[in-house]
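Quick look at what TrEMBL lists:
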type	residues	note
DOMAIN	A:19-82	domain 'HMA'
TRANSMEM	A:111-128	transmembrane segment
TRANSMEM	A:140-157	transmembrane segment
TRANSMEM	A:178-196	transmembrane segment
TRANSMEM	A:208-229	transmembrane segment
TRANSMEM	A:359-381	transmembrane segment
TRANSMEM	A:387-410	transmembrane segment
TRANSMEM	A:703-722	transmembrane segment
TRANSMEM	A:728-746	transmembrane segment
Amino acid sequence: MNKPVEQKDTRQSDGGGSHPIYLNVIDASCASCVDKIERALKAVPGVKDAAMNLAQRSVAVTGHVEGSSLIKAIESAGYTAKMAGDPSDRDSIDEQEKSDEVYYRRLLRETWAALSLGVPLMVYGLFIGEMSVNSPGQRLAWLSVGVATLVVMYWAGKHFYVGAWKSFLNHSANMDTLIALGTGTAWIYSMFVVLFPDIVPEMARHVYFEATAMIIGLINLGLALEIRARGKTSLAIKRLIGLQPKLARVIREGQELDVAIESVALGEHLRVRPGEKLPVDGVVLEGHTTIDESMLTGEPMPIEKGPGDTVVAGTINRSGTVIFEATKVGKDTALAQIIQMVKRAQNSKPPIGRLADVISAYFVPVVMIIAVLSALVWLNFGPEPRLAFAIVCATTVLIIACPCALGLATPMSVMVGVGKAAEAGVLIRNGEALQTASKLSAMVLDKTGTITLGQPRVTEIELVAGGLEEHVLSLAASLESGSEHPLAQSIVASAKERGISIEKVESFKAIAGHGVSGKVGAHELLFGNERLMNKHGIELGDSVAKGQAMAARAQTPMYFSVDGRLDAIIAVEDPIKEDSISAINRLKEDGVRIIMLTGDNRDTAKAVAQRVGIEEFYAEVLPGQKSEKISELQARGEIVGMSGDGINDAPALALANVGFAIGTGTDVAIESADITLMRGSLHGLADAIEVSKATMANIKQNLVGAFIYNVAGVPVAAGVLYPFIGILLNPVIAGAAMAFSSLTVVTNANRLRLFKASAA
Amino acid sequence: MMLVNVAGLIVIALIVWWFWLYKPKAASDIGGDTVILVANGTYDPARLSIPPGKPATLKFLREDESPCSAVVVFADLDISKDLPVGKVSEVTLPALPSGEYPFTCQMQMYRGDLIVEENEK
């Protein structure tokens, strides 16, 4: 058995100690733990210092030392340690959920406290008595209400005031600023009326304690509901994180042990039984099985696996038991990388969101200025009681304005949209790719490997000069054994299938876009297309017609010449993927112009294009010309998507407005394109375009909604309608509107979770 | 009444000055040990300075439970990081050319500036 390779956390603290390593020790709970852990760490060779922070349950270690040895030291002291800030860590998600839950409950408590004062006061003001100060008895009563309100402000609204003050010191302003100013103004004015009624004109001796309490209550309620709604926006990423099992069954020294997946080392052998999830990436050593990869790729059919096949973490073993060797563990597994990419994309912003960012940067101070201006206008030109009107309008303006709705509009939809795409096996690199994909007008498809399977096989051998098929195939395969072209490999594979021996090739030369030449034994060989034959002056005669007939049947004819004379035509066919036709129909229905590019000859290209329903195609395109075609389309004003395997097509993928890398299963270079399709099917393209369109539509709804809400709400709150139809907003209504505007944005974003791609 | 109007205009002028015109004080030099607190709606310190052309690691400690603070985003760099409550999270930055790189929460309410410049000291 292979000796397990020690997997090390390569993060190191540098010798100078200026960059400490942070570790989280989850189960440290008492002051004596601190001492124990610090001593254990300091005993590790290379550690200069270790300082534990019990409140954070984290420990900072300086010195020249590896993370894994620190974890071991803490574990041997009897605690569990993890490198700090591991984002794909399941435990940290659980912990975050717990802490969100605690915060949610606290907000609800604060809501009830504030509302239980605010609601009775409001009912009193509306139906029972007047909320004004006209007698010493009323003064005393309102004074006690004012103090009660202050208690509510402190207990249920402290976070607004502290937040507002801290940002103020920082020369910035946010939602807290507006709420603190609005509720603060209402309370201070009311208290002023209670304490100094004689200074205030009689008609303006009104108190607004109910507004202060109600607004704090409603906004806390809005925040609490928002937390719940937000939890749903990250369901997709939580589902991905949940795919990784906690335990792995490793075989160590002939014994099977269940261990935590973090301790699985590279090169270790693992066993998975039917129904179990795969813990890490690896290569099958023994056994046969089928594996369900749908959770990662969206591919519904289970894939057969046997010795030598790769398997990936998070997929489910269906039928058999296999033993496999771990080739990627921890952060290197495909699943971990997918999680990283989705997370990064979820937090990136499409260009459409930039305007909202610019607006929200100026938003709060502008609202403050509008509040002051509207107060001044009421004081100068308003009806009596001017002071009361001025205070109410300024408060309402401050409260109704909601920078959050504007700020949340884009990120919430991107979170849900990118997550939704990932569920379908579509990995979107960032917000920009998402936005551009929604606007694609043309899609360039490479034929081989994209529309077709990319696994050509020899279907026909036409002997021009007589002789034996075996002899021709032997020479051809010997020549092609030097080439990596898929067509060449199909010739070699065909020879091997028939048990034909392959000889050594000399002075092998590949001529891009033409074919290959070389010498096998005493024979000078040429193998390639018509162009290659013409170039070398080889007479084709009526073989051209034969070749064309093969091409019309969607086969690729290749001419084979021996010692300057045409010897045979070998036809190779690359079968069309089962679902290419339906996927191309979907793309057409999505309004995308489809262009097929291929290096293959014109007739074969035409036959394939006709079969799958593509009207526009370019054949005999040399590898370097793909980029030119894309530039041409772009010059004609098209927004061009290009899909390819991500290896040969890299320049064209990079040049296209959106490059799609089509993977085969999970074996895919995730970093290589704007959008990566985990499934080999073209349906992924349609899925990607449809989900992008739905997400962008959702963002626009959110932005327009939030924008209109603020643009309409702030002037109404300032009282512009009052001179015309006598409408003035109550600050409590403004508070409710504000609290629910951001909730509406999050809820609308969550609607995207219901998105379904058109019939796949 | 005149007095009230003048006072109002002065308040407006103060708002403009305080939030927009005020030039912030020098940025905090970020050594390895500085942990940026995410608390009470702000990053503290909010202006950070690092030298150009060198990769750097920033450490954030989120204390606010509000989900608003859950992610820090360096929009220009396409870098973002989830910040779990009560834990130090590290953001690794590549070597950057001189310039200002704002970092914010998802909604731009928490704001900070990363200033990449040669240290004069």
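The backbone N, Cα and C atoms fix where each Cβ goes, and this holds for glycine too.
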Checklist entry - Does the transmembrane segment (A:208-229) reach the transmembrane segment (A:703-722), going by 3 or more CB pairs under 8 Å (6 or more apart in sequence)? => result no
Next on the checklist: Is it the case that the transmembrane segment (A:178-196) and the transmembrane segment (A:703-722) touch, counting contact as three or more CB pairs under 8 Å in which the residues of each pair are 6 or more positions apart?
Outcome noted: no
Item to check | Confidence summary for the domain 'HMA' (A:19-82), mean pLDDT rounded | outcome: 77
Next on the checklist: For the transmembrane segment (A:140-157), I need the partner stretch with the highest count of C-beta pairs below 8 angstroms, choosing only from A:111-128, A:359-381, A:387-410, A:728-746.
Outcome noted: A:111-128
Next on the checklist: Looking only at the domain 'HMA' (A:19-82), how are its residues distributed among DSSP helix, strand and coil?
Outcome noted: 22 helix, 21 strand, 21 coil
